[in-house]
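Working notes, beginning with the structure itself.
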Amino acid sequence: MVSPVFLLLSCFLGHVAVAGRTCPKPDDLPFALVVPLKQFYEPGEQITYSCRPGYQSRGGIRRFTCPLTGIWPINTLKCLPRVCPFAGILGNGTVRFTTFEYPNTISFACNTGFYLNGTGSAKCTEEGRWSPTLPVCAPVTCPPPPVPKFATLRGYKPSMGNNSLYRDTAVLECLPKHAMFGNDTITCTAHGNWTEVPECREVKCPFPSRPDNGFVNYPAEQALYYKDKATYGCHETFVLDGPEEVECGKLGKWSAQPSCKASCKLSIKKATVLYQGEKIKLQDRFKNGMLHGEKVSFFCKNKEKKCSYTEDAQCIDGTIEIPSCFKEHSSLAFWKTDASDVKPCE
Ligand SMILES: *[C@@H]1O[C@H](CO)[C@@H](O)[C@H](O)[C@H]1NC(C)=O
Ligand SMILES: *[C@@H]1O[C@H](CO)[C@@H](O)[C@H](O)[C@H]1NC(C)=O
Ligand SMILES: *[C@@H]1O[C@H](CO)[C@@H](O)[C@H](O)[C@H]1NC(C)=O
Ligand SMILES: *[C@@H]1O[C@H](CO)[C@@H](O)[C@H](O)[C@H]1NC(C)=O
Ligand SMILES: *[C@@H]1O[C@H](CO)[C@@H](O)[C@H](O)[C@H]1NC(C)=O
C-alpha cells in the first residue's frame, strides 16, 4: 500500500527534480541592459546582458542560462562609457572639459583676436563622436580702413588678403591746409572694426599784425592756413619778446604773438655789478643801454654788519628799476670802498 500522502509528496519532489529551482531577477549592472527582464526565470531560460548605448564592455554581449540550482552564474561584465577622440587643445583658444567620455559636453572659447568658427560646445555621442564637429578659432579680420574726408592713408598694407588682422594699425594724414582732430593711428579691434577715425578740418589763421617797432613776414597768399609760418623781427635797439617764427595752429590761432620791447638807458654813470655770474663795469658793458630782458645784480652795503649783498634789476621794455639800496659814489670820493669790494654777508 502506498500512502496517498507519500504519492503526493513524491510527485511534488519529482517535479522539482525535473524542473529545478527558478532564477530570481538578475543583478543590476551599471549601464547594462538585460533581455528579457522578468521577476523569475525557469531553469533553462536564457538572458542576454548588453551595454546601454554609449557604453561598451570589453567582452561584448554575455549570454546566461538559468541553471537548475536557480542561481545565476557570476557575471563579470563591466560597461564603460565610450571615449570620444581627445579634444583638449584648441589652437588659439581654450577647451573646458571634465572627461571626453559619453555623455559629457565640452565647451570652447577663443583668445582675444580670434573668433569661434563653429559652435561653442560639443557633446560626446553614443557613437563616440563629437557632435557637432569641433570648432576652430579663426583670426579676426578688419576690412580695409575707412578714410575720412580730406585725409589720406599712409603706410597701410593689408596683412590677410585685402584685410587686416587684430592689432594691425593704419596711419591717416590730413591734406594740406587741414588739421587733424583725433588720433592719427587707427587700430583693428577684436570686434573686427577699426577704432574711431580722426577728422580733418580746413583751418585758417588771420593775417598776423605788424608789431610796433618791428616787422612780420608771411607767405603772400589769399589766406593763411594750418601749418603756415610767419617770422618776426624788430628795429634796432628793440628786442623781440617771443619766438622769431610762429605757426598757424589747429585752432586757427598763431602759436605766439611776439612783440618788440625797448632797451633801457642807464642813469648810472659808474657801477660794478654782477652780470651772468661775473663782476663787470656797468658803464663799459652796457654803454649803449641794456636790452629788454637783460638782468644784472647790484652790490649794496649792510652798514651794521659791514658786509655786502646783491639785489637784481632787469630791463623791462625800456625801464629798469635800480635797487634803492644801491649808492652811486661820486668819482671824487675815491676814499670810499665800493660795495662790490666789501666781503659778502653770510
Ligand atoms: C594661432 O594664431 C597664430 C596667429 O594668427 C597662428 O600663427 C597660429 O598658427 C595659430 N595657432 C594655431 C594652433 O592655430
Ligand atoms: C569656418 O568653418 C567653415 C566650415 O567648417 C569653413 O568652410 C570655413 O573655411 C571656416 N572659416 C575660417 C575662416 O576658418
Ligand atoms: C581684393 O580685392 C580685389 C578688389 O575688390 C579683388 O579683386 C581681390 O580678389 C581681393 N583679393 C583677395 C585676396 O580677397
Ligand atoms: C593714438 O593711438 C595709439 C594706438 O592706439 C596710442 O598708442 C597713442 O597713445 C594714441 N595717441 C594719442 C595722442 O592719443
Ligand atoms: C566696433 O564694434 C563694436 C561691437 O560691435 C562696437 O561696440 C564699437 O562701437 C565699434 N567701434 C567703432 C569705432 O565703430
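From the backbone N, Cα and C atoms, a Cβ is placed for every residue, glycine too.
Among CYS79, CYS137, CYS142, the one TrEMBL lists as the disulfide partner of CYS110 is CYS137. The record in TrEMBL lists a disulphide bond between CYS205 and one of CYS174, CYS188, CYS234, CYS248, namely CYS248. According to TrEMBL, CYS66 forms a disulfide bond with CYS23, chosen from CYS11, CYS23, CYS124.
As a summary of secondary structure, the domain 'Sushi' (203-262) carries 0 helix, 27 strand, 33 coil according to DSSP.
If you compare Cα positions, CYS137 (disulfide bond) sits closest to CYS248 out of the disulfide-bonded residues CYS23, CYS66, CYS205, CYS248.
Secondary structure at CYS137 (disulfide bond), as computed by DSSP, is strand.
According to its DSSP assignment, CYS110 (disulfide bond) is in a strand.
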